[in-house]
Amino acid sequence: MQKYHFTGLDCPDCANKLESALNKQSYVQEARVVFNTNTLYLKTQDMPKALALIKQLEPDMELSEQVQSEAKPSAIPLLLSVVLYLIAVATIHFSAQNWALHLSYALLAGVYLVAGKDVFLGALRAIRNKQFFDENTLMLSATIAAFGVGAHEEAVSIMVFYSAGEFLQQLAIARSKQSLHALLDVAPNHAVRKVGQELQEVEPSALAIGDVVIVKVGEKIPTDGVVLRGESLLDQKALTGESLPVNVKEHSAVLGGSINLKGVLEIQVSKLYADSSVAKIVDLVSNAVSQKSQTEKFITTFARYYTPAVFAIALLIALVPPLLGHGDFDTWIYRGLFALMVSCPCALVISVPLGYFGGVGAASRAGILIKSVQTLEALSQVKNIAFDKTGTLSKGEFNVIDVVPIAPFSKEDVLQHATCAQILSTHPIAISIQKAYKRQCQHEVKDYQEIGGLGVQASCHSHLIIAGNDKMLHKYNIPHDTCSLEGTIVHVAVDGKHIGYIVVADTLKDNAKECLDGLKHAGIEHMCILSGDHEYSTKRVAKELDCPYYANLLPEDKLNAFKDFQAQHAHKSMFVGDGINDAPTLARADVSMSMGSASQISKESADIVITNNSLESVLKVFKIAKKTKRIIIENIIFALAIKAMFIVLGLSGDASLWEAVLGDVGVTLIALANSMRTMRI
């Protein structure tokens, strides 16, 4: 699929119509016009023909493969129109001279033409393309009808206020787009490659694995790599949501898109730019907002029928009452024009996708990557969550929580011998014991041997040391009376004598309890833990969190347990895992979330990726989803209510046309401002 950036398209309804027209063509497999990011995705067998159709429907639209800045709308024509309109109206009402009145009406005609230039051109283009219910066509029809019933000043005021509204709307849209583009602007735009003693400025995409790049203070790291020389602080807020700078030095892994805050770094490239963390993040966010939620699809379909329906209502208001003898045609045509004033669905067509985009953007800034707006919408409907334990609720890091010596040996003796036996091991349990001892083994270790599933043995200071589980002691016929201990136990024996054991456990993540309590308050009704770990460890964590659990689950068992969990409870269910061993369950869930890091994004298959590995982000993304949904519903209800109110006012004759125009424009601006609140969640 080809991706284009465009300029010259300033109407969201026009974007929807262009997308619909392209998708109707037999030579187009798929077309998506994303108004909020000025992006066109096009998959076609005949690109020249597709581009020609775009030019026919939107002559001012310019396509480019590079992002281009849009020119800001000029306020001069609008200001000129307003000034001349006020002069003309004042002259009509306060001057009795015939020549002044004639001049004033000539001025009104000029104002009408200047203010309505874009409307005339848009209407002409719409009629040529057989789009008779285009907003420009309807606005032109309304003003001509107003002239026809003698409401000359109001006809011109409609055009002036409509132009003012369009100008303010364009400014608001431009501002919102700037916020959205800033979100996607985390990608570096250049790299300084070191070749020998020469420095070359190149595109990040031109870098190869093994290249060396120089990154100065204030510059972005072009792609993922490893620090060869230098020490610095990196700002990774745009990638992980972490506000505190990260300290890096020689041999530290760094992420593309990080901003260098201090010192010069020499970095060896470890990933091509296309595979880098920052490229994946930009791609995920861009792809997310290019999709349409169910609400957006409904609004797009609704807008297709809304305008013709309102036009029909306006026609009925204008014709039926006078034909039935209730008043004259001029009065009812004037009232029917009210319906035409509210015939444009812009308030909904703009605000709904912008609201979802803002929600995705707010999540991204917090280190939460949502892969589609459909996911954000579905997340607001989730009532049930199942958690993996290790690496999700717990840190996935073992710690020594108890040391039990057997007299005459001490805790120090047990830790020392266990450390010496496991000094060459890289197993997480061995590392936790070494960390607890806090000293290095002072004696030479010989004959080190790992025995799969049991433990290790080694010779140290003329002693044979064994460190392992209960089965290890039985294998070597070492007497002991501690066979039924619960938990992860490392027994230690020296020269065939059991000297004690060490209890090792995974620890809960910070704020895990607060997070689950927060989820309950946020509307989650049912939670459980699905773990592949043994019963004791899972039970201990579940007890701390006051949560049901299932332990000793293989991947297929975990999938079946989650299916049962889904079947037992109504509404959508989500699974939160580490994204590594939970693939079947992640795929089964209505919404799937994985705890990971920014460097693992390309490996994740979940709908949502928490790049900062924080449980607080699980609660935050729920709040974002619910607030986004609430804001969008507010906009829909508000816009439809105001439009209905103006139709009623039109029927009763209690307001003038220019008030209807201002009201309709005001609805759009308020809905737009309300949608932008999602960016600040």
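Glycine too: its Cβ is placed from the backbone N, Cα and C atoms.
Counting residues of the topological domain 'Cytoplasmic' (1-72) by DSSP class, helix then strand then coil, yields 26 helix, 22 strand, 24 coil. As annotated by Swiss-Prot, topological domain 'Cytoplasmic' applies to 1-72 (among others), with the evidence given as similarity to another entry.
Sequence annotations record features per position, and here Swiss-Prot assigns Co(2+) binding site to CYS11, CYS14. Around CYS14 (Co(2+) binding site), the C-beta neighbours below 8 angstroms that are at least 6 residues distant in the chain are GLU58.
For 73-92 (among others), the entry in Swiss-Prot reads transmembrane segment. Outside the transmembrane segment (73-92) by six or more residues, the chain places 10, 100-101, 103-105, 107-108, 110-111, 114-115, 117, 153, 156-157, 160, 163-164, 167, 170-171, 174 with a CB less than 8 A from a CB of the stretch.
Swiss-Prot lists 93-102 (among others) with the feature topological domain 'Extracellular', giving similarity to another entry as the kind of evidence. Counting residue by residue with DSSP, the topological domain 'Extracellular' (93-102) contains 7 helix, 0 strand, 3 coil.
What Swiss-Prot lists as transmembrane segment is 103-124 (among others).
Look at Swiss-Prot and you will find 125-131 (among others) tagged as topological domain 'Cytoplasmic'. A Cβ distance under 8 Å defines the sequence-distant neighbours of the topological domain 'Cytoplasmic' (125-131), meaning residues of its chain 6+ beyond its ends; these are 17, 56-57, 59, 137.
Taken from Swiss-Prot, the feature transmembrane segment applies to 132-151 (among others). Outside the transmembrane segment (132-151), and at least 6 residues removed from its termini, the chain residues within Cβ reach (under 8 Å) are 11, 13, 17, 112, 116, 118-123, 125-126, 158-159, 162, 307-308, 311, 318, 329-330, 333-334, 336-337, 340-341, 343-344, 346, 657.
For 155-174 (among others), the entry in Swiss-Prot reads transmembrane segment, with the evidence type similarity to another entry. Remote same-chain partners of the transmembrane segment (155-174), defined as residues 6 or more beyond its termini with a Cβ less than 8 Å from a stretch Cβ, comprise 10, 70, 72-73, 75, 77-78, 81-82, 85, 88, 108, 111-112, 115-116, 118-119, 139, 142-144, 146-147, 341, 346, 350, 657-658, 661-662, 664-666, 668-669, 672-673.
Summarising the annotation, Swiss-Prot assigns topological domain 'Cytoplasmic' to 175-308 (among others) and lists similarity to another entry as the type of evidence.
Same-chain neighbours of the transmembrane segment (309-327): 133, 138, 145, 333, 335-340, 342-343, 643, 647, 650-651, counting only residues six or more beyond its ends whose CB sits under 8 Å from a CB of the stretch. What Swiss-Prot lists as transmembrane segment is 309-327 (among others), and the listing cites similarity to another entry.
Taken from Swiss-Prot, the feature topological domain 'Extracellular' applies to 328-332 (among others), supported by similarity to another entry. Under DSSP, the residues of the topological domain 'Extracellular' (328-332) split into helix, strand and coil as follows: 4 helix, 0 strand, 1 coil.
Feature annotation from Swiss-Prot assigns transmembrane segment to 333-350 (among others).
What Swiss-Prot lists as topological domain 'Cytoplasmic' is 351-630 (among others), and the listing cites similarity to another entry.
Residues or ranges marked as transmembrane segment in Swiss-Prot (evidence: similarity to another entry): 631-652 (among others).
Residues or ranges marked as topological domain 'Extracellular' in Swiss-Prot (evidence: similarity to another entry): 653-660 (among others). Restricting the average to the topological domain 'Extracellular' (653-660) gives a pLDDT of 75.
Annotation source Swiss-Prot lists transmembrane segment at 661-676 (among others), citing similarity to another entry.
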With DSSP, how much of the topological domain 'Cytoplasmic' (677-681) is helix, how much strand and how much coil, in residues?
4 helix, 0 strand, 1 coil
Give the nonlocal contacts of the topological domain 'Cytoplasmic' (677-681) in its own chain as ranges (CB under 8 Å, at least six residues past its ends).
179, 354-359, 361-362, 623-624, 627-628, 631
Would you list the DSSP helix, strand and coil counts for the residues of the topological domain 'Extracellular' (653-660)?
4 helix, 0 strand, 4 coil
By a Cβ-Cβ criterion of under 8 Å, what residues six or more beyond either terminus of the topological domain 'Extracellular' (328-332) are in contact with it?
149-150, 317-319, 321-322, 653
Cβ neighbours within the same chain of CYS11 (Co(2+) binding site) - under 8 Å, at least six residues apart:
GLU135, CYS346
